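In what follows, a structure is listed as structure tokens, so that the remarks can point back to it.
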Amino acid sequence: MRKNIRNKEKIKVAIRLRPYIDQDITNNVDLEQQMQEDQRLLYIKDNRTVITNSKVKKAHKFDKVLSEEMSQQDLYEECRIDKYVDHVVDGYNATVFAYGQTGSGKTFTMEGYKYKMNETLNGFSQFESTPVAMTRQNENIGIIPRIVGELFHKIQGVELKKYRIYCSYLQIYQEKIYDLLNPLHSRKEYLQSSNNQQPEGLKLHFDARNDRFNVDNLYKFECKNAKELMNYFHYGLKNKVMSSHALNEASSRSHCILSITVESIERENPDNIIVSTMQLVDLAGSERSSQTLNANLSEQISLKLKKEAIEINKSLFTLRQVVSMLNKAEGGKGNYVPYRESKLTSLLKHSLGGNSFCLMIACISPSSKFFNENISTLMYASKASCISNKPIKNHDPKNKVISGLKKEVQSLRNQLMMAHNLMGKGKNLCSKCGKNLSDSDEDSAESLPNMVVEPQDHLKSSLVGPASIAQDEDNKSNSKLNLSRLNSEKQPQLPDFKKMFEKNETMMDKMTEDLMSLKEIMSAQNKLGLFERILLSAKMVKNVLKRNLELNKDYMDHTLEIDELQKNVAQFQLENEEIRDRLSIMEALTGTDSYYIQMNYSSVKDELIADLGKKEKMGMLDQDKMIALIYEFNKENSILKKRIERIEKKKIRNKFMQINDGMNSTDYSSNNVAQNKYFMGNGNTQRVDNELDDKSYARGYRCNTSPKFQERDCDTEPVRCVVDASEINQSMNMNQHYMNNGYQLEPVTTHKRFKNHLERRDKLLKDSSRGIDYQQYDTLNSSLLNYEDADSQIHFEKRLKKRTMTAIRHKKGASINVNQSIYNIGTDNFRPKIKRRKQQSFIAPLPPTKTSTSRMRSYSRKF
Ligand SMILES: Nc1ncnc2c1ncn2[C@@H]1O[C@H](COP(=O)(O)OP(=O)(O)OP(=O)(O)O)[C@@H](O)[C@H]1O
């Protein structure tokens, strides 16, 4: 017998390069150059390898690579698509889907039809298309018609089973699911409606038992033969949303999924039904509006195309995220897979990382104009090829119900047996109690009167016996004598016998009565016992069910919570990735990184500028888009700003090193003291711009002249210091002042803390194989951010070889009056070790320690 669960099965990936088409020529593709293979940016090396040849030559390996000469038949054979049909007939699910940018040949691969424009209708309806076979010989028919033919051919040959085939066909258009076989969802229906409104999409629900999403109220038709199924398919194709744009005359604007359900029923055991589904998916292609739109299109159509493109790109983005996360999961890294974030990924859940056999056909274009898009397709295709599925055979849910009922019947039988046994035991107990009950209650009740009747008969026989003796022929002669003797002997006893007999009779009646009532009581008790037991069992079952429901609810709640958390984690991961990408682009722009990133960046930039320019000319700058752009730019700017700030601070630090090295440095004196503000603390000074955020302030030692700080606790509060440069000297002198007052000064040891945080963060990243604790990571990261300047200060300190005393603390919470200015000195990151030698040092300062003396000296030398 075949196993129902197969080993892990990787998603198979085939790359298909389409040939040059007329469209490429109209798109001014440099054909001459590209016809020469060695000059192409992308070419096929062999039937498993694609070479990308930008700056660095790179080979990408796949299960199959199909060159532009390959026909539809070649594709079908090379990719062994007949095997997927076999799997479905065997009871496994299978999915074949085409992926790639717009115009790369997905629809051609899946359907192989040419679409004819319907010119008779105006407005949006002009996109309505009718598919027609490309050639008479049908050599160009795509995967779907071939699979349908093969499927019906295969099931014909099976004798032991009979099959029922159903089909349904849906499209996901602008993130709504429409039934292509439902006349109410037909394009005509809503395109011709007065307000041009789309009907409500169908709803999805998650079937937890089968771990897949199903569409509610989707039409499903039984098909007796291939022709019938193809008729339904063609009907659906007419309702598919198609548009014409610069890169494709007939471009799919929706993701279409044809589902063929196969029910296989064993002829000998019709209860044994296996249901499997084949999903054939033609995805809409990713596209850039700058490439697809042209001046010939009306404004209304351009807007519609744009809106469609946004939705298509959104859902494809989720698909790519799903692929990436599954790919990470294979490496033991990823955790949450965002299937639920789009309808497409929800419906493909069991195909990607689920229980289906899956074939992905990634279509690429030969034109180097689309090199970046091709690279992206290859990248996700290779990610997909690492994903494993676990195909399982699907038994019909009805079968499960039947087997469940059978089990229930069996368990009820067992209970009945147990009840019988219990009753038997009860009966034995009764007999032990001396009740003289026979095997069954009935018998026992009836046998009792018999037992009492016996002596009565005996009595009767004993009374009747002498008469029979008298009738004996042998003793005829003695009979009269005997009779008379007996009469004479027994005559006096007769009344006694009579009395006895009567007495016995009444006793018997009484006993019978007693027994009858006993029997009634017994049977009532038995019934009551049984009833009670049943009641008890029912109660138990009810309780178990109730508990089960509660647990189920808890489980669902937890699942939702976990889902939510995982979503957040994934969101953070994505954000993190995005930031990394941006940083690498920035790095590339500042000089060091790869050509590819630079190229991408500049192309994006060019595109944006061109787009804006065009719009400006046309006087149709879209406010929303502008806001979005501004937002994007703002985001980028803030990153850049931070980088610039860092660089500036570095420069300033160097400047102030010079100040620290000699307060009379020319740099310092040339500063506009009135304008510039300084952070000041214990020998480390740093200039900041007034606009710097709070974080930037929260570092180092700060002194404050503002009265509000007087109320603060210096131990815990970072103190913002904005002092005039002229006050720096006062601060320096202040150190001296404390030392003179007998305080031991300790070097700052914060760099150890910084190092420790850095090490912990690195360790966290290194140990990330089981997933990163992002909360901890964030905490560490944010404290490290605070340290960023601290870091530079640490180096600074190191260079000064601890000669600058940085930790001066007064008694906790107190403020000091130096030169008629109030100072509160506190730290946050640079929390110093405070050691006051003795309490009386306030009164009579002790001489400074050796260390502090030497430090003091160096300090005095310095300032
Ligand atoms: N292998 C091929 N041989 C010949 N013509 C092809 C091939 N692949 C694609 N084409 C042609 O290229 C054009 C675009 O193909 P198709 O419509 O299938 O692209 P698509 O990827 O489905 O685009 P969209 O995502 O916009 O729907 C069509 O005219 C099609 O006939």
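Quick reminder: no glycine exception, Cβ is built from N, Cα and C everywhere.
Annotations in TrEMBL come from automatic prediction, not curation.
Among the features that TrEMBL reports, domain 'Kinesin motor' is placed at 10-387. Marked as ATP binding site by TrEMBL: G100, Q101, T102, G103, S104, G105, K106, T107. Taken from TrEMBL, the feature region 'Disordered' covers 467-489. Per TrEMBL, compositional bias 'Low complexity' is recorded for 478-489.
Proximity to ligand 1 (Cβ under 6 Å from any of its atoms) holds for these binding-site residues out of Q101, G103, S104: G103, S104.
For T102 (ATP binding site), other Cβ atoms within 10 Å of its Cβ number 24. Non-local neighbourhood of G105 (ATP binding site): R16, R18, A98, C363, S365, each in the same chain, at least six residues away, with C-beta under 8 Å from its C-beta. Residues belonging to the domain 'Kinesin motor' (10-387) score a mean pLDDT of 84 in the model. Of all the binding-site residues given, namely Q101, S104, T107, the one with the smallest number of surrounding CB atoms inside 10 A is Q101. Around G100 (ATP binding site), the C-beta neighbours below 8 angstroms that are at least 6 residues distant in the chain are K106, L283, G285, A362, C363, I364, S365, T377. DSSP assigns T107 (ATP binding site) to a helix. Apart from G100, Q101, T102, G103, S104, G105, K106, T107, the ATP site neighbourhood in this chain, defined by C-beta within 8 angstroms of the site C-beta centre, holds R18, A98, N248, G285, C363, S365.
Sequence-distant neighbours of G103 (ATP binding site) (same chain, 6+ apart, CB under 8 A from its CB) are Q23, L247, N248, S251, G285, S365. Under the DSSP three-state reduction, T102 (ATP binding site) is assigned to coil, being neither helix nor strand. Counted within 10 Å of its Cβ, the other Cβ atoms near K106 (ATP binding site) come to 27, all protein chains included.
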